[in-house]
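Mind having a look at this structure? Questions to follow.
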Amino acid sequence: MAAAAKPNNLSLVVHGPGDLRLENYPIPEPGPNEVLLRMHSVGICGSDVHYWEYGRIGNFIVKKPMVLGHEASGTVEKVGSSVKHLKPGDRVAIEPGAPRENDEFCKMGRYNLSPSIFFCATPPDDGNLCRFYKHNAAFCYKLPDNVTFEEGALIEPLSVGIHACRRGGVTLGHKVLVCGAGPIGMVTLLVAKAMGAAQVVVTDLSATRLSKAKEIGADLVLQISKESPQEIARKVEGQLGCKPEVTIECTGAEASIQAGIYATRSGGNLVLVGLGSEMTTVPLLHAAIREVDIKGVFRYCNTWPVAISMLASKSVNVKPLVTHRFPLEKALEAFETFKKGLGLKIMLKCDPSDQNP
């Protein structure tokens, strides 16, 4: 009788700008506080594609081969000796950012700001676009039976929306402007509505994406063409009948940030989620004299439990965001599809024995 084939650890590895390869890596052994995961679903993020195209994002530079992927879920294969809350067979969602030390930011509960944090697929740390991956067990969260692996993977972008809405103070009855109808704009829309926003208006250049935003719950949409930032602000006010209390900017485009400042109600909050140029010209005086608070967002913290509750209770529905699925073996084709701007969220299926959502 032939011996069973040894499982491989096919991994998607970026070696430098434009150099993306599928390679077989050793299956890692979990440490005492880690779990080994059989990966199931991993979403492609814009940052993954940026590392592939340019080999860097700001000061994060790919200096050695790095496995991509950080929007992920999988099944526990093996647990470390000190892990008590998980067991083999558990389905989990992975929070990609795990602090390495209990520094001042961790003590404040803002561990996302820790300069030494481990973060999947951020140099020099490997990600989880692979068959098998080990991770800090404290940052692996059990999925309820009614939450799919793909929903578990989408908790990562959903967490950005949760953190952004928290930073903006979105609450019952608010009018909210979301700039950008990409994946992050879409999850921000979903979270704002779930948190009680009375009306959410979404802006974008793409009529197709705005149609999707309308489909998943946007009250109003505004397609941008050649309007000035001031004109965009006036159109938003015209649609809502007032200025929004909260604007969440998800594009990073200079003109969109400018429009966000002009559009936000006096005393309101502008939250910057999208990453653009390091130096940006904005009408700060216009924000200052109207006490528009400008807040930054860097990833997220303390969001996975609430995201799981939102998904399990059906308070949000992220399933319509997935437009393409590829097996891990076709990862290069999947990345080319993303690069062409096709679809919204592309999901890679890492377990050859289970390609279901």
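We number each residue from 1, going along the chain as drawn.
Cβ from N, Cα, C; glycine included.
Pasting the relevant annotations from Swiss-Prot:
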type: MOD_RES; residues: ALA2; note: N-acetylalanine
type: BINDING; residues: CYS45, HIS70, GLU71; note: Zn(2+) binding site
type: BINDING; residues: TYR51, GLU156, ARG299, TYR300; note: substrate binding site
type: BINDING; residues: ILE184, ASP204, ARG209, VAL273, GLY274, LEU275, VAL297, PHE298, ARG299; note: NAD(+) binding site
type: MOD_RES; residues: SER211; note: phosphoserine
type: MOD_RES; residues: SER225; note: phosphoserine
When you average the Cβ positions of CYS45, HIS70, GLU71 for the Zn(2+) site, which other residues in that chain have a Cβ within 8 Å of that mean position?
VAL42, GLY43, ILE44, SER47, ASP48, GLY69, ALA72, PRO96, CYS120, ALA121, GLY127, ALA153, GLU156, PRO157
Out of these binding-site residues, HIS70, ARG209, which one has the fewest other C-beta atoms within 10 Å of its own C-beta?
ARG209
Could you round the CA separation between CYS45 (Zn(2+) binding site) and GLU156 (substrate binding site) to a whole angstrom and send it over?
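That separation, Cα to Cα, works out to 10 Å.
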Could you state, as a whole number of Å, the largest distance between Cα atoms of any two of TYR51, GLU156, ARG299, TYR300, the listed substrate binders?
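Across TYR51, GLU156, ARG299, TYR300, the two farthest Cα atoms sit 20 Å apart.
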Please compare the binding-site residues GLU71, GLU156 by how many other CB atoms fall within 10 Å of each one's CB, and tell me which has the fewest.
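Among the binding-site residues GLU71, GLU156, the lowest count of other Cβ atoms within 10 Å belongs to GLU156.
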If you draw a 10 Å sphere on the Cβ of SER225 (phosphoserine), how many other Cβ atoms land inside?
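The answer is 5 other Cβ atoms.
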Write down the Cα-Cα distance for ARG299 (substrate binding site) and ILE184 (NAD(+) binding site), rounded and given in Å.
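Taking the Cα atoms only, ILE184 (NAD(+) binding site) lies 11 Å from ARG299 (substrate binding site).
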By CA-CA distance, flag whichever of TYR51, GLU71, GLU156, SER211 among the recorded positions is nearest to VAL297 (NAD(+) binding site).
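Among TYR51, GLU71, GLU156, SER211, GLU156.
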